[in-house]
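K.L.:
I have a structure here, written as structure tokens, and I will follow up with some questions on it.
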Amino acid sequence: MSDIGDWFRSIPFITRSWFAASIAVPLVGKLGLINFRNFLLFPELFFNRFQLWRPVTATLFFPITPGTGFLYLVNLYFLYHYSTRLETGAFDGRPADYIFMLLFNWICIVITGLLMNMRLLMIPLIMSVLYVWAQFNKDMIVSFWFGTRFKAHYLPWVILAFNFIIGGSFVDELTGNLVGHLYFFLMFKYPMDLGGRSFLSTPEFLYRFFPNRRGGISGFGVPPSRRPAAQEPAAGGGGGGGRHNWGQGFRLGGE
């Protein structure tokens with residue numbers, strides 16, 4: 001148990017908080033302590049009855065059943081793997097900037113969820129983080145199932161295409177990819193590479209609560225660096241066959 005505790009404490013703070021909440025909320029629903037329907041995003045209840053907690057719980061909740069348990073664990077791994085690497089890599093020492101990225105992506109996903117009547121938002125937010133990580137590590141070589149290898153830039157779309165080919169839903173993944181692209185384009189691509197106006201900036205109050213460490217300067221001053229190509233296994237890479245739709249979006253029937 002001490003090894004598990006040491007591992008958990010080694011996870012950077014923001015990712016650790018998100019990871020823990022994404023375990024606690026589904027377990028509460030699985031144990032029946034709270035009716036799982038109270039966690040889902042219903043636009044009519046959000047707007048008409050002012051149940052304002054639903055966008056938050058819909059982002060943290062995922063139904064744990066024999067048919068969805070493995071999918072939940074894989075997405076939990078995605079959360080841990082890619083959020084940790086962003087928080088300790090491109091956003092190292094910049095907790096306010098990372099929190100702002102998560103907030104921006106989350107707000108965009110909530111708006112999309114309300115418009116498209118999406119009940120669960122966990123996968124889109126995780127995929128948006130994975131997409132941003134892939135943009136920061138475009139030239140890194142990752143391994144996928146069956147030993148396929150490609151640049152990390154393609155990983156979010158490979159996951160989406162894999163789901164589509166085997167007949168699963170790709171709406172959640174597509175939403176996450178598009179939101180991640182919107183953030184990266186507005187924060188980096190347009191103002192830094194294309195010389196356009198900067199539309200996004202981290203609010204100053206976030207720096208007061210989460211000051212930069214190691215003497216960093218508020219905000220980002222340079223475009224993301226292009227790292228040398230390296231090899232890193234993607235989740236699910238190299239084993240287990242391809243029988244499970246591990247990236248499939250989940251939609252409750254009849255809601």
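Any Cβ shown, glycine's included, is placed from N, Cα and C.
TrEMBL entries are annotated by machine, without manual review.
Sharing the features that TrEMBL gives for it:
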| type | residues | note |
| --- | --- | --- |
| TRANSMEM | 18-40 | transmembrane segment |
| TRANSMEM | 60-80 | transmembrane segment |
| TRANSMEM | 101-134 | transmembrane segment |
| TRANSMEM | 154-171 | transmembrane segment |
| REGION | 225-255 | region 'Disordered' |
| COMPBIAS | 235-255 | compositional bias 'Gly residues' |
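Situate these features within the shown structure.
P.N.:
Beyond the ends of the transmembrane segment (18-40), by six or more residues, the same chain brings 8, 11, 54, 57-58, 60-64, 72, 76, 79-80, 83, 102, 119-120, 122, 252, 255 to within a C-beta distance below 8 angstroms of the stretch.
For the transmembrane segment (101-134), same-chain residues at least 6 beyond its ends with a Cβ under 8 Å from one of its own Cβ atoms are 14, 18, 22, 40-43, 46, 55, 58-63, 75, 78-79, 82-83, 85-86, 89-91, 152-156, 159, 171-173, 175-177, 179-184, 187, 200, 247, 249-252, 255.
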